[in-house]
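A short write-up of the structure that comes next.
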Amino acid sequence: MSTTNLFSNCTNHYPIEQYFLNCTNTSRPCELIHDFAVVAELLTILDFYISCILFTIAGILNVYFMTIVLPLYLKMSHSTQKRYVFVVSRCVSSISAALTLLILRCILYVYFPPGSTKSNYFLYAVVVIVNDISFYSLQGSYIGMAVLLYIGVIHPVYFSTHLRLRKIYIFAILNWILAVVVSVPTGLFQTAGYVPGPIKCDSQVCSPIVGLINFIIVSFAFLITIIILSFVFICLSFHIRKAKKLGSYTSSQTLHHARGRLGWTLTAIIVISLAEGIPESLLIGLKADNALNTCNNFYQADRLVDATIFTSMNSIVWALVLILDPLASTLFDEKVLSETKKQLKMCKKYYAKVLETLWTHSHGNRKTSKEMSRNSFSTSDNPY
């Protein structure tokens, strides 16, 4: 078979055929080129356009949430600040995650694509490592929020008298340090899997091993997070029932809001773990090259379709969670919700005043122009 006629018998033709004319070691080139075209289209629509839009929205919402929470946090007493340390930490992690994922898709993948001469290993490594740090610190913040909630409900005396704010700061810093320790080595090897650099990680041996190790670490992190959040959720449910039996309406309502926030977090973590675990399991053993347009990737295009779908959906799920998380945090937190309503009222008053000014100015100009026309008419008709 001539290399130039590899796709000549295919019903459908695609512009990307030019990259695979020498990939003759297959008996089904038409099926593979169709699958590869699907992969390219999925990456463009799902993993680029939709993901970029969603991560932009997520970043804006989390920045806005931070502008509400941080001033409130600085005005709180030390006893109240203890409940919000990991809320601030979670917000920082969310902003960092949205920003790094947006940079990967909008800048690096477009202007410095993996495998090209323009790709820079260290640039990719920094973004990937920061994104991994955001991911692990976000999970650690969820755990910290749940543990503090558990201590505050089950052991209120210890929470108010023995658990100092300084200790919580230490735990929050340790959470970030642990995230850095885990993320740096894994991020360096992850980057080496698809961008050439000082660390050599070939697609045939090293990359599958790195993928397996990363899958184990991520699965363990999700498992620990889900177990702790589930335990605290069950304990809160028992205390809500107990408060209702004792007739403590205020206590049960407060616990109900806390359980709602925790329930949302638990649901989000479970959904993310599934969205993260399924594509990671599909990528295990997949010996794909860092550059997309290679014969090795062409020969396994059918497997790449499934991996691309689930990987893109993972990005979309992450973006949706980062969007919904600040909204849920606002809904289930009375202080934040009250401040948000206050800001919305101020915005409504401001824009109403602007519209009123524009309306007055517009009608005033119209009235003035009518008066000028009348005066001009009367003057021209007046012989004196």
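Each residue's number is its place along the chain shown, starting with 1.
Glycine residues also receive a Cβ, built from the backbone N, Cα and C atoms like all the rest.
Listed in TrEMBL:
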DOMAIN    61-318  domain 'G-protein coupled receptors family 1 profile'
TRANSMEM  48-73  transmembrane segment
TRANSMEM  85-112  transmembrane segment
TRANSMEM  142-161  transmembrane segment
TRANSMEM  168-189  transmembrane segment
TRANSMEM  209-240  transmembrane segment
(Q) Take the C-beta pairs under 8 A between the transmembrane segment (209-240) and each of 48-73, 85-112, 142-161, 168-189. Which stretch has the highest count? (A) 142-161
Q | For the transmembrane segment (48-73), distant same-chain residues with Cβ under 8 A (at least six beyond the ends) | A | 81, 84, 87-88, 91-92, 94-95, 98-99, 101-102, 105-106, 109, 312, 315-316, 319-320, 322-323, 325-327, 329-330, 335-336, 339-340, 343
Q: Kindly state the mean pLDDT of the domain 'G-protein coupled receptors family 1 profile' (61-318) in the predicted structure.
A: 83
